[in-house]
């Protein structure tokens, strides 16, 4: 076996290492497996793949591209298993790596064409292979901040969910196109001014891609800010409504206290005369006023407003909510995020409970702090029908409305590096959440 040829093939296959880094970095925080398992398996798979591909291509004297791109589907299956993100987000991250590596290979073909004029093998010369590997590493470094910081932030933006489908398909088509235009022979590249023009034109590919990603990231930030602003606005409206009710209650209570002496005198008169029917009719509106008093569920004003809002909504649907919320003014998470999580979960629970028989229309809400930096939420209710969970542990159900907002809740929980567990055993839908204060 020609050792020089083996080393040249090995240099080409070594490109999978920076390619793997570019694919894994954006989704690293959402891995299904442990860090040790991931890096151990990655080292074994890539080493076996590189050495095996090198030996096979050296023996058969075929282009490494035939094996590299033929094995993409198998590599993506393994990649898809290791991470928890939605399918198209993982496909975008993987396809981005394939696209950028395809660009590096094609650009290197034009760049090193003068070095390949006398090369009759289906593999780069030693120098050309090293240059290609260097270009790949350089592109990885240029995109490193985008992959490390901006891609994970974009993946958290719910409003971009449909964008990932289009972007992943666009990336794959672009990768196929850029690989397809890769010249077979160096002689063709050296024809006229083709090489010089191609080098300039192809150089715009990573530049345009870089700025497109940054535009998409900027858009995701604006959409996130708008969503947070809308949540804050909804919360403000609820607080304003609660304040209005509290003020009305205080005014009515003041009037009741002012008239208390007259009420007592008149009640005493009815009792002396034994006029119980008139007494009952007289005190009925007084009892109604008292029963409509403001109910303080939580010391945190924002959470209390949300709780009272949904408590009133539950009563209108004849659903009883047992509240147990022990929170002060200082929370380990943003009030808007806390209220979004609580609102989505309680709304779903009330909707599900309202479909049950009267004696089963019950929702239990338990919220508190394990410590100053850790919030725990537990909301459970009975439900009717059958609920199955998908691979992201979210409900798959035909019941209209049930499960709405859980994807949003899951995204918020991930933002605080927390966990959400959904249990549907014995006809009880139970959501348990932990969220941690950001460092």
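Glycine is no exception: its Cβ is also placed from the backbone N, Cα and C atoms.
Note: TrEMBL annotation is automatic and uncurated.
On a predicted model such as this, the values are computed, not experimentally measured, just so you know.
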Practice task
Check each of the ranges 68-87, 228-247 against TrEMBL and return the one annotated as transmembrane segment.
Solution key: 68-87
Exercise for the section: Identify the transmembrane segment range according to TrEMBL, selecting from 197-219, 266-288. Expected result: 197-219
Practice task
Note the mean pLDDT of the domain 'Sensor histidine kinase NatK-like C-terminal' (336-435), expressed as a whole number.
Solution key: 83
Completion exercise
Most Cβ pairs under 8 Å to the transmembrane segment (94-111), of 6-25, 37-62, 68-87, 123-143, 197-219, goes to 123-143
Exercise for the section: With the transmembrane segment (123-143) as the reference, find which of 6-25, 37-62, 68-87, 163-185, 197-219 contributes the most Cβ pairs under 8 Å. Expected result: 6-25
Fill in the blank from the handout: Other same-chain positions with a Cβ less than 8 Å from the transmembrane segment (68-87) and lying at least 6 residues past its termini are 13, 15-16, 23-24, 27, 30-33, 38, 41, 45, 49, 53, 93-94, 98, 155, 161, 164, 179, 392
Exercise for the section: Take the transmembrane segment (6-25) and find every residue of the same chain, 6 or more past its ends, with a Cβ under 8 Å from one of its Cβ atoms. Expected result: 38, 42, 46, 49-51, 53-55, 57-58, 64, 68, 79, 93-94, 96-98, 100-101, 104-105, 121, 123-126, 129-130, 132-133, 136-137, 140, 143-144, 147-148, 151
